[in-house]
Amino acid sequence: MAPPSIFAEVPQAQPVLVFKLTADFREDPDPRKVNLGVGAYRTDDSQPWVLPVVRKVEQRIANDSSINHEYLPILGLAEFRTCASRLALGDDSPALQEKRVGGVQCLGGTGALRIGAEFLARWYNGTNNKDTPVYVSSPTWENHNGVFIAAGFKDIRSYHYWDAAKRGLDLQGFLNDLEKAPEFSIFVLHACAHNPTGTDPTPEQWKQIASVMKRRFLFPFFDSAYQGFASGSLEKDAWAIRYFVSEGFELFCAQSFSKNFGLYNERVGNLTVVAKEPDSILRVLSQMEKIVRITWSNPPAQGARIVARTLSDPELFNEWTGNVKTMADRILTMRSELRARLEALKTPGTWNHITEQIGMFSFTGLNPKQVEYLINEKHIYLLPSGRINMCGLTTKNLEYVATSIHEAVTKIQ
């Protein structure tokens, strides 16, 4: 008798919620269906959008006979790393001028977070330090917890961020948690367009946050997934990162180019490292090279080439910023329109938070039962947390979504 499969006892894992939601949406035959869960930009026709500047650069790359398919260096395409870090920090960054910045090309924002987490688990404060507390916001993007756990960190904690009652930032709770955190703890910070709440600190609030972190020697690890995409301004969306650098912080910044270039399946990311001295950067990158070597060995080239060529050419750069603003402006319009319709319907509660939030997502305040009603009765797909992707709204479905939310809030408590 043959022995049972060595895989017989492997348990079935739960599906990734946001991807399961999209699969359910696709299988739904109802013509009214709306997908507000997908984490990607959509046009007013509910279609993916390839940025015109990306099409142009892809064509140029295809026609460039000097390009081959040799391995990139382990740390990635040099021009991409330089351009990406400069985008985050600004051309006039003192850290760049003093050559104490390094970049590592990674597989999207998740890859940048993972390489940063793996490095910190091995070398933070010069030692293997997996007992260091890592703080993530409550709520946060679900991958933040998983990435740091997978890197070996044993103490993942949450810090206050969202005030459900006022549907805004719990600044005092945030500051209190910073004060109570052990010195040298790691804090994962959303650079802009906080996921899932869409609520960001103001510059003055960021200054308060930085002041406590500086005094208590807390390490900032920024996640920058939406630069330019949140407000339409590259500078505004990078304000917090640049302020922390100006205050003398050493920090990591995981950058994603999925949203602001529409390069979701190219997995284009960069980990920007800011240190106090140039020598530190050389040593840090030498260790990150070892980590990358055993993780994916060498990164893919196509997406990095597209981003590098666009960011390094003034004409293409200007076209790209225009494309990004087109996306950001459509999201802002959908926010205004949804709020206006809910208020016109006199939907119970307050809805000003929809326009006060920023970026792709809105934390609506809908409870899980109301979400269940919207999915089952109205075929409107969103996450149980009540988070919606504003890009899923269009001029064609806005009225239906607003009246459905009104119905859910009115009927279901």
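Any Cβ shown, glycine's included, is placed from N, Cα and C.
Remember, predicted model here, so these are calculated numbers, not experimental data.
Per Swiss-Prot, the features are as follows:
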type: BINDING; residues: Gly39, Trp141, Asn195, Arg387; note: L-aspartate binding site
type: MOD_RES; residues: Lys259; note: N6-(pyridoxal phosphate)lysine
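The structure, with features from Swiss-Prot marked on it.
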residue : record                         : Cβ contacts under 8 Å, 6 or more apart
Gly39   : L-aspartate binding site       : Val18, Met360, Asn389
Trp141  : L-aspartate binding site       : Asn195, Pro196, Asp223
Lys259  : N6-(pyridoxal phosphate)lysine : Ala40, Tyr41, Ala225, Tyr226, Phe229, Met360
Arg387  : L-aspartate binding site       : Gly37, Pro196, Thr197, Phe361, Ser362, Phe363, Thr364
Around the L-aspartate site (Gly39, Trp141, Asn195, Arg387), what further same-chain residues have their C-beta within 8 angstroms of the site's C-beta centre? Val18, Pro196, Met360, Phe361
For Trp141 (L-aspartate binding site), what is the secondary structure state per DSSP, taken as helix, strand or coil? coil
Give the three-state DSSP assignment (helix, strand or coil) for Gly39 (L-aspartate binding site). coil
